[in-house]
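As recorded in TrEMBL, the features of this protein are as follows:
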- 126: substrate binding site (BINDING)
- 145, 147: Mg(2+) binding site (BINDING)
- 145, 307: ATP binding site (BINDING)
- 205-304: domain 'Glutathione synthase substrate-binding' (DOMAIN)
């Protein structure tokens, strides 16, 4: 009957229009916010971030599958990032045709040759899925991509459960409202950043959020930032050009920006070609990678998240290289793969 009520609600256009207005107000009340396109760097004008009117029902088994496989994906990303020959072989064809990947790879090679002074790396990975409905009625979980750099919306996602609960109550679906799970990724992301700061081992050092010059999505960052301040961990926000202008390494390769020692660089920028506006931007990225600061992510983890690597991992026998004694892990990861095909001009056999 709940499902029937839900369908009736969706067909009632007047009700939907009314709920839309309540939903937008609720999102604003709960801080699901973005700055506007017109004034992306002004805190004076905000609007609600895009969100679905109703939450998406996910079968319990698939929800638990996604949770269980994430630890395996995190281990996989880590192992790929620590395998230079695999990264080099896999990205060889991409480097020839894509200048952006080539420049990232050059930094990777340089850091490798120098032996980076920092062995600690922080990975905050976000795995994106869609539900695949087969013609025979089954539903399965299929991974669209995994993000290893600047994965966003952990902050805003922490506030959406309350928004959806309220909408469902107003729509007279109180039982569905009870099924909306708590979710606080902002606290989880901050726990990782706090651990990296702690392992760096200097009380006076700070966490640096490396941010874009257009900051529409700043509130998503602020939730994570505020979780760090709650732990008395100082945070600064800087852009690549700030690092170009005021960044330096001392003789121990400690990173200083604006005179502050940086314990952790949290990249919320630097993942697209247009983020690097000049050679100076690339020099700043190299300086951060060469430094003692803990990177989230480091350059090898950034490269491990490229589509070309994802496509290579989907090929037969490749996962086994990374988990030689764990057939169950391989099976769990592979179960989420959709078809991934190369754009290289070669004959491939698809299984």
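All residue numbers here begin at 1 and follow the chain in the order shown.
Backbone N, Cα and C atoms are what each Cβ position is placed from, and that goes for glycine too.
TrEMBL labels come from automatic prediction, so no person has curated them.
When averaged over the domain 'Glutathione synthase substrate-binding' (205-304), pLDDT in the model lands at 97.
For the domain 'Glutathione synthase substrate-binding' (205-304), the DSSP counts in helix, strand and coil order read 41 helix, 26 strand, 33 coil.
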